[in-house]
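What follows is one structure encoded as structure tokens, with my remarks underneath.
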Amino acid sequence: MDKVTMTNIGEKVVCLVAYHIFFMLFVWSYWKTIFTLPMNPSKEFHLSYSDKESLEREPRGESQQEVLRRAAKDLPIYTRTMSGAIRYCDRCHLVKPDRCHHCSVCDKCILKMDHHCPWVNNCVGFSNYKFFLLFLAYSLLYCLFIAATDLQYFIKFWTNGLPDTQAKFHIMFLFFAAAMFSVSLSSLFGYHCWLVSKNKSTLEVFRAPIFRHRTDKNGFSLGFSKNLRQVFGDEKKYWLLPVFSSLGDGCSFPTCLVNQDPEQASTPGGLNSTSKNESHLFPAKPLRDSQSHLLTDTPSWSETSAKAEKGKVGMSNPALTMENET
């Protein structure tokens, strides 16, 4: 009986090695996406017992916001609600960190939540977003490899060049399935690559983050290179492996505020803050060490030096950080 198979031994070896590499990386990244637990806000964002009592006693409105402002005064948060209020989750009883959202499926607040994915039965957020991207990439490569190696036999199927066996229908089904998955995965993977390049999440595309000064859809974007490093890390040897290498703790993120906060005074040293293409304005509260080093590629104003300039420039809130755009 005629068989549908490769005849060249070298071609067989190359296809077998490539297939198993793609398959193992696909399964590995899929496993990590599914079984990596979403990260939740740290304890410092949870209200203390006294703050909870104060919040419950106060009527809704400005009095409650005063309690939340007091609880959040030392936290590295810069985003607000549409009304300008502190972002608070009344189910988890915590002040939401920047880019954190409550998942109605998991019933938890998820750090840098992108979306809840039914295909992996898990929330995609800070802890597993890199794994999700690699899962999309390797599943796309896996499907493209199958479609490419099956293509020559698929063509023979339509030109009656195959032996009359049941394998004919297996080849046709395999090619159509791989090709259709490739099309859908390529669009989804391309979309998330664009999100990474702009340092956005899916939720932030539909609702831009609101800072104290105004809504800024590019508020977290630091430039393509730094945006990429924020997800994949500084060490390139780990970029293609499903191991955690993202920068930061998920609770605080470098922000690039191109317009000055109206609540704050002029920039230190008389620097011009109106040029959107030449400078970035950063909020007053400190970033975590693992995130702030993204901002040290060019000379910047530190909080200490800004305080030293307070008497010279008459600022009401001098703890501002300036960085030249790269």
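Each residue, glycine too, has its Cβ placed from N, Cα and C.
Please treat TrEMBL annotations as automatic predictions, because they have not gone through curation.
What TrEMBL says about this one:
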type	residues	note
TRANSMEM	12-31	transmembrane segment
DOMAIN	86-205	domain 'Palmitoyltransferase DHHC'
TRANSMEM	129-148	transmembrane segment
TRANSMEM	169-191	transmembrane segment
COMPBIAS	264-276	compositional bias 'Polar residues'
REGION	264-326	region 'Disordered'
COMPBIAS	292-305	compositional bias 'Polar residues'
Q) Sequence-remote contacts (6 or more beyond its ends) of the transmembrane segment (12-31), Cβ cut-off under 8 Å? A) 6, 120, 131, 134-135, 137-139, 141-142, 145, 149, 240, 242
Q.
Counting by DSSP secondary structure, give me helix, strand and coil numbers for the domain 'Palmitoyltransferase DHHC' (86-205).
A. 66 helix, 17 strand, 37 coil
Q. Taking all residues of the domain 'Palmitoyltransferase DHHC' (86-205) together, what is their mean pLDDT?
A. 92
